[in-house]
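Q: Residues annotated as leucine amide in Swiss-Prot, with experimental evidence given as evidence: Leu6, Leu12. Per Swiss-Prot, motif 'Dimerization motif 1' is recorded for 3-7, and the stated evidence type is a curator's inference. According to Swiss-Prot, the motif 'Dimerization motif 2' annotation covers 7-11, on the basis of a curator's inference.
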Amino acid sequence: ILGTILGLLKGL
């Protein structure tokens, strides 16, 4: 889901 992608970006 989009939430997962956003989570990865925040992890960077």
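Each residue, glycine too, has its Cβ placed from N, Cα and C.
Remember, predicted model here, so these are calculated numbers, not experimental data.
What does the local environment look like for each feature on the list?
A: Here the Cβ of Leu6 (leucine amide) has 10 other Cβ atoms within 10 Å, regardless of which shown protein chain they belong to.
Counting only same-chain residues six or more apart in sequence, none has a Cβ lying under 8 angstroms from the Cβ of Leu12 (leucine amide).
Long-range contacts of the motif 'Dimerization motif 1' (3-7) within its own chain (CB-CB distance under 8 A, at least 6 residues past either end) are absent; none are counted.
Across the motif 'Dimerization motif 2' (7-11), DSSP classifies residues as 5 helix, 0 strand, 0 coil.
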Q: Taking every residue in the motif 'Dimerization motif 2' (7-11), what is their average pLDDT?
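A: In the predicted model, the motif 'Dimerization motif 2' (7-11) has a mean pLDDT of 91.
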